[in-house]
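J.: Shown below is the structure under consideration.
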């Protein structure tokens, strides 16, 4: 910075000399110097403290206790103010007078008239090109406080000084913005207390550029490293127009490409007189938006391309964008979005994806006064594939129908199959497994249709909680079936009453899931790590809340398989007498049921966990979707239809119904009934 300033110095430039001295002074100072790095005193979870900034900086540094360590959370350290922006010009004027050999006693060293606002200072000192603020801003350190001050400075210029914007003013304005868009400043944006600051910057630049007048058919208005702008003259006879950008990212020599196209059918809407279109490219703004909103998870997916703004004349509504991807991996699926300036978030409804290949995405976006900036978001673990949608839709329909049919069959044959305590509890398990999965599937459908509207609200918490609870219940009732096997084979609770067995079954089947699901909510919701950012389901990236489902489910799968092995060993022993043959037959049916369903459920959610790994093949997602969607059919097939006792009972029930139907038919055709009818 010192070397950069010294190249601009001249013997007849006292203002620049003072600016250089101030810059050298500030360069040696950091907002951290002189401030205690960590807060004193005990670090209690979620507690806060603050420390003053270093000398020459105003403001403070805030800390929050996280995981027993003080971590920096906010910073307002600034060396800039309205006074510092213009004080060198007043001093320069006095030094300039002294240089003209005027006697010192004649000079008026009274304090100059104070500058009360940025607009007033610019009108007084540099109304033509705003250049008087440039050196002070560019020599300042990009602290969080200075960034916030510069954004407010640009916002004031956009609102108070945008009546006659020239290309010179636009270049100065962009140089100021470029200073805080530098890659070296990105990390400091996260500590600005006002999380809407980056949105204010974007809106201010767009507002200022809207007032710029383009004189030539095509102009390169701004060509800074971190902000570029171009302008075009257009009318209804203009052929299809394009803006092309190529900007470097992170200091690399390879440019990141972006293109804006105004369709010919849109240009036809323009009046005969000439209009103009302006486009602005921001290579680093996407990272800044992501960083600012990282803590409250408002922007869960990183921006994967340039942020492109357009300023179009009235009447034009649709624009085509082409974005080159930053992350070009095959699983880095993109979603076209527009930044809603009033809602201060990405609007997924503003654009639709028309083409996506490995390295680029084409978007058709709707332009409005509220949505003027566009980009693409990346979701590396979200596989958007119509095959998966069809599999899930068809599979869930079959699953729900199968579960309803399973419950109907159980109701029809109930009285004929619940002969002993074990058989009674076996069918209680089947019914509750079917009910749990049926309700879980219903919640899944609600989640699929409403998660975007409910995202970030209490509704999303409810959707996640009940989905978690009922999927866990499915596994814990399977676990209770394994306990029934132990009960029958090892005869641990031989004389237990049916009511007590029911109480234990419901405590395990619904009580344990309630405790796990409730604890997960209590622990992760305060840290905003309960739900996934892109869906109403358990979070994985931040808190690993999904383990509260995966670990119990996979442990139960392992335990059930061990129980099946125990059954296989014990049933080979001759110690089991004929008096237990009925219970033994029931136990064997339960064991076969568990032996088939447990691996299927375990395999299903094993593939589910595998899909969380970044870069997982699409085939894993398809297998998981198939197994998950058809779980209800598996329960109907292996838990009900393949049980010969249920088939026999169903056959007898159907025969009984046929017998009653024939008896009623014969009775209606008998001579006695016929004579009664004739006598009426």
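Even glycines carry a Cβ here, placed using N, Cα and C.
What TrEMBL says about a protein is an automatic prediction, not a curated fact.
Pulled these from TrEMBL:
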| type | residues | note |
| --- | --- | --- |
| DOMAIN | 235-384 | domain 'GAIN-B' |
| DOMAIN | 388-643 | domain 'G-protein coupled receptors family 2 profile 2' |
| TRANSMEM | 387-412 | transmembrane segment |
| TRANSMEM | 424-446 | transmembrane segment |
| TRANSMEM | 466-492 | transmembrane segment |
| TRANSMEM | 504-525 | transmembrane segment |
| TRANSMEM | 545-569 | transmembrane segment |
| TRANSMEM | 590-612 | transmembrane segment |
| TRANSMEM | 618-642 | transmembrane segment |
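How about a rundown of where these features are and what they're close to?
T.: Mean pLDDT, taken over the domain 'GAIN-B' (235-384), works out to 80 on the 0 to 100 scale.
Residues 396, 399-400, 403-404, 406-407, 410, 414, 417-418, 463, 466-467, 470-471, 473-474, 477-478, 480-481, 484, 498, 501-502, 505, 509, 586, 589-590, 631-632, 635, 639-640 of the same chain sit 6 or more residues outside the transmembrane segment (424-446) yet have a Cβ under 8 Å from a Cβ within it.
Counting same-chain residues at least six beyond the ends of the transmembrane segment (504-525), those with a Cβ under 8 angstroms from any Cβ of the stretch are 425, 428-429, 432, 436, 461, 465, 468-470, 472-473, 476-477, 479-480, 483, 538-539, 543, 545, 548, 552.
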J.: Counting only residues 6 or more past its boundaries, what in the same chain has a CB within less than 8 Å of a CB in the transmembrane segment (387-412)?
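T.: Long-range Cβ neighbours of the transmembrane segment (387-412): 427, 430-431, 434-435, 437-438, 441-442, 444-445, 621-622, 625-626, 628-633, 635-637, 639-640, 646, 650, 653.
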J.: Mind checking how the domain 'GAIN-B' (235-384) divides into helix, strand and coil residues in DSSP?
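T.: So the counts come to 15 helix, 70 strand, 65 coil.
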